[in-house]
């Protein structure tokens with residue numbers, strides 16, 4: 001047998017080059033085969049792409065959810081209602097100036113957005129009536145060192161500028177309240193309160209404490225009162241345009257959500273419970289206000305509801321905020337503040353938020369609640 005025939009190769013000259021015959025070269029015994037078919041490669045690539053997609057969705061889920069939420073329509077003020085809402089401080093409201101947002105409620109109360117009111121008219125009306133506005137804030141435990149000074153300094157710059165203001169700081173350490181230079185016609189009173197062991201109890205103690213203060217010195221020296229959380233700060237004018245008999249704040253995180261998704265208390269045993277067919281908006285307990293008479297009614301309702309829940313051995317999902325939302329369902333607010341008046345920077349940019357007036361401070365719960 002010829003050598004070339006035995007080895008299965010062709011010599012140069014026979015076909016122009018030395019090459020294998022009978023197809024591909026055979027692999028040696030015991031050597032693994034790493035080649036994948038085209039179908040298997042496609043499946044592998046799809047797996048990796050899906051895995052990276054799910055990882056990206058998990059990592060950026062907050063941004064994606066907020067982008068989707070921003071596309072939920074808010075609705076518009078019905079033409080039949082638009083001429084009706086007026087304001088005792090700003091006069092006729094310009095609802096047509098903000099067609100992209102809801103500027104009134106179904107019961108005819110205005111929702112205050114930037115551009116819908118004239119701030120100068122409100123300031124002049126408040127001065128004409130020589131009003132005194134109370135601002136209450138609770139600074140208990142580490143909330144005092146962490147937030148109070150920034151809150152007060154920013155309030156002096158932006159809250160009811162040019163008006164008579166009395167600050168009521170409720171704290172377990174009145175002697176530690178920082179000194180802040182106050183303008184003419186502005187006072188600060190530090191009021192002692194007991195420090196509770198749980199932060200939930202601190203939150204729920206607010207309503208009975210406010211009720212007592214409104215029935216005492218605060219109610220005697222203030223015409224209107226606003227109750228704010230301390231872990232936020234003013235960044236823009238927060239003036240008399242916000243004043244009304246009963247004022248509620250739309251929650252920045254929930255103002256576009258449909259009603260059935262709102263985090264109301266759903267436990268029927270709770271005094272704060274709302275059914276799936278109840279509720280108008282979700283209101284933020286970080287900002288609410290009104291006349292002394294209206295706030296006496298509000299704080300009494302919430303304090304009583306909390307006591308009933310305590311006797312039943314339950315707590316509402318969002319504590320005093322849940323009871324506040326129940327009150328506003330039963331007693332419609334006469335004015336609503338848009339999320340511009342209490343905004344969270346963690347929420348991605350929204351085109352309808354023109355000038356935030358109040359911003360949430362960074363939440364450091366592990367520090368201030370322990």
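Every residue, even glycine, has its Cβ placed from backbone N, Cα and C.
The Cβ neighbour count for residue 321 (active site, nucleophile), using a 10 Å radius and every protein chain shown, is 24. The active site, nucleophile annotation in Swiss-Prot covers 321 and is backed by similarity to another entry.
Sequence-distant neighbours of residue 229 (substrate binding site) (same chain, six or more apart, CB under 8 Å from its CB) are 137, 138, 285, 286, 287, listed in sequence order. When secondary structure is read from DSSP and collapsed to three states, residue 229 (substrate binding site) falls in the coil class. Positions annotated as substrate binding site by Swiss-Prot: 138-143, 229-231, 251-254, 363-369.
Residues or ranges marked as Mn(2+) binding site in Swiss-Prot (evidence: similarity to another entry): 229, 231. When Cβ atoms from all protein chains are considered, those within 10 Å of residue 231 (Mn(2+) binding site) total 21, not counting its own.
Residue 88 (N-linked glycosylation site) falls outside any helix or strand according to DSSP and counts as coil. Residue 88 (N-linked glycosylation site) has a Cβ environment of 14 other Cβ atoms inside 10 Å. Feature annotation from Swiss-Prot assigns N-linked glycosylation site to 88 (among others).
Around residue 130 (N-linked glycosylation site), the same-chain residues at least 6 positions away in sequence with a Cβ under 8 Å from its Cβ are 164. According to Swiss-Prot, the feature N-linked glycosylation site maps to 130 (among others).
If you look up Swiss-Prot, you'll see 1-33 marked as region 'Disordered'.
Look at Swiss-Prot and you will find 1-42 tagged as topological domain 'Cytoplasmic', backed by sequence analysis.
As annotated by Swiss-Prot, topological domain 'Lumenal' applies to 66-370.
Positions annotated as transmembrane segment by Swiss-Prot: 43-65.
In space, 251 is the closest of the recorded positions 141, 231, 251, 254, 321 to residue 88 (N-linked glycosylation site), judged by Cα positions. Residue pair residue 141 (substrate binding site) / residue 231 (Mn(2+) binding site) shows a Cα separation of 13 Å. Just so you know, of the binding-site residues 251, 254, the Cβ with the fewest other Cβ atoms around it within 10 Å is the one at 254. Classification of residue 254 (substrate binding site) by DSSP places it in coil, neither helical nor stranded. Here the candidates are the binding-site residues 231, 251, 254. The one whose C-alpha lies nearest to that of residue 321 (active site, nucleophile) is 251. The binding-site residues considered are 138, 141; of these, 141 has the fewest other C-beta atoms within 10 angstroms of its C-beta.
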